[in-house]
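Here's what Swiss-Prot has on this protein:
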- Ser2: N-acetylserine (MOD_RES)
- 17-291: domain 'Protein kinase' (DOMAIN)
- Ile23, Gly24, Ser25, Gly26, Ala27, Thr28, Ala29, Val30, Val31, Lys46: ATP binding site (BINDING)
- Asp146: active site, proton acceptor (ACT_SITE)
- Thr185: phosphothreonine (MOD_RES)
- Thr310: phosphothreonine (MOD_RES)
- 313-350: region 'Disordered' (REGION)
- Ser324: phosphoserine (MOD_RES)
- Ser325: phosphoserine (MOD_RES)
- 334-348: compositional bias 'Acidic residues' (COMPBIAS)
- Ser339: phosphoserine (MOD_RES)
- Ser347: phosphoserine (MOD_RES)
- Ser359: phosphoserine (MOD_RES)
- 394-429: region 'Disordered' (REGION)
- 396-406: compositional bias 'Polar residues' (COMPBIAS)
- Ser428: phosphoserine (MOD_RES)
Amino acid sequence: MSEDSSALPWSINRDDYELQEVIGSGATAVVQAAYCAPKKERVAIKRINLEKCQTSMDELLKEIQAMSQCHHPNIVSYYTSFVVKDELWLVMKLLSGGSVLDIIKHIVAKGEHKGGVLDESTIATILREVLEGLEYLHKNGQIHRDVKAGNILLGEDGSVQIADFGVSAFLATGGDITRNKVRKTFVGTPCWMAPEVMEQVRGYDFKADIWSFGITAIELATGAAPYHKYPPMKVLMLTLQNDPPSLDTGVQDKEMLKKYGKSFRKMISLCLQKDPEKRPTAAELLRHKFFQKAKNKEFLQEKILQRAPTISERSKKVRRVPGSSGRLHKTEDGGWEWSDDEFDEESEEGKAAISQLRSCPTQQHCLCLLQLFSAADPMGTLLQVPEQISAHLPQPASQMPTQPAQVSLLPPAEPAKPAQARSSGERSQETKVPISLVLRLRNSKKELNDIRFEFTPGRDTAEGVSQELISAGLVDGRDLVIVAANLQKIVEEPQSNRSVTFKLASGVEGSDIPDDGKLIGFAQLSIS
């Protein structure tokens, strides 16, 4: 590169960029290599479709301006941005080594992962650089919100940089991002998402990135996130209900994990603590014993870049039509597939989610997943109750009623029938027989309600029914996951789980004290 070309500012003229191979894609964006003629330099251009983006350009440009002021060797450099028709083009540094996810897939495809995908020294070297980048972001009041192998890029010299900082998350929130350090926006990929981000109750801070970092550490060793086989809603349930995942979670062949030692496992467990306050900061993690195994970038260059697929090899695997957008996107073969903002339909979790969607019997129950990952801020007030349902709700009273008010969602022609005791084998043969249930909880006026409804195995889904209860204004939107999880528990084992009491994510208000007996901050779901 000549001195003259290097001194030139980055062009904002579309004609100065020659688009080349597609090297990555998501539902709302495509990333292409390009050649910038005035600068005589190859770059990466992320083309974001603005068609469905609710963010004003003024707000979006402010965020990009803040992003462009981030200068760190472990953060991908953003050069400039401009609008081309209905797309926002982000011009970035091209890292020709691709993502760590590309390398993981390449190793797995060649069958070279039987003893673990990457060794400890390689993992430590990559993750130390990621921590340096996260420490910089966190010190500057920024949260990445989507740390994963697919967003860790490698340069041909073995350098490591974090990508997709800022803009993807900003677009997903409709621009509703303040500069404070606590977020209440629901963005990120479910498998890597921290529990507090899923709960949407207290908001979250930079410690959410530390959880995602821990999941990424597992991904680099095993080749996938712990719950990668499950569709998004199931991932949310497992993360919230189960103990934190570990290196062994979901791995059938434990032999592949034998070479990973105690310090690596301990580092992961520190990151994956459900209480974010107990997780270490990026700066504290950098002092962890495990990172003494880290080498330099020449080590990465020799160790894994020689095994990595080339840009042209990676580009052949991108099947989505560039420029397609939306939650349901069209593929090259003309079919439609669902994904979240940056969902990789080649990944295991992508396949599971798409399979879940295709098996949905009705559009009504498919919508729950689409709404869960919509750009709208999920932290709004309780949904308004439609008039036809509000007529059945109890009227305001000075004291809480001794008997719960009855709210029925059962079809008028088919009154609720008591579920008869049947063996699990008999029930599986009679999948069309509905289970009558009652959800008892307090409404916004603190009055007890009994909400009666039916669940038909083989037709209904727990998340679909829960979404309907929320849409009817009977359940707080923040309780979607916890209600769905307990409904799933009952319908899977109706004989052993005829009634469950559980804590609500929406919690209690003011001076109220949670009480599972009086159902203050709790709900009860039973087979009637």
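Using N, Cα and C of the backbone, Cβ positions are placed for all residues, glycine too.
Feature map: Swiss-Prot annotations on the structure.
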{"residue": "Ile23", "record": "ATP binding site", "DSSP class": "strand"}
{"residue": "Ala29", "record": "ATP binding site", "DSSP class": "strand"}
{"residue": "Asp146", "record": "active site, proton acceptor", "DSSP class": "coil"}
Rounded Cα separation (Å) that holds between Ile23 (ATP binding site) and the residue listed as 'active site, proton acceptor': 19
Surrounding CB atoms that lie within 10 Å of the CB of Ala29 (ATP binding site), all protein chains: 23
Other C-beta atoms that fall within 10 angstroms of the C-beta of Ile23 (ATP binding site): 23
Residues satisfying Cβ distance under 8 Å from Val31 (ATP binding site), sequence separation of at least 6: Val22, Ile23, Gly24, Ser25, Ala44, Ile45, Lys46, Arg47
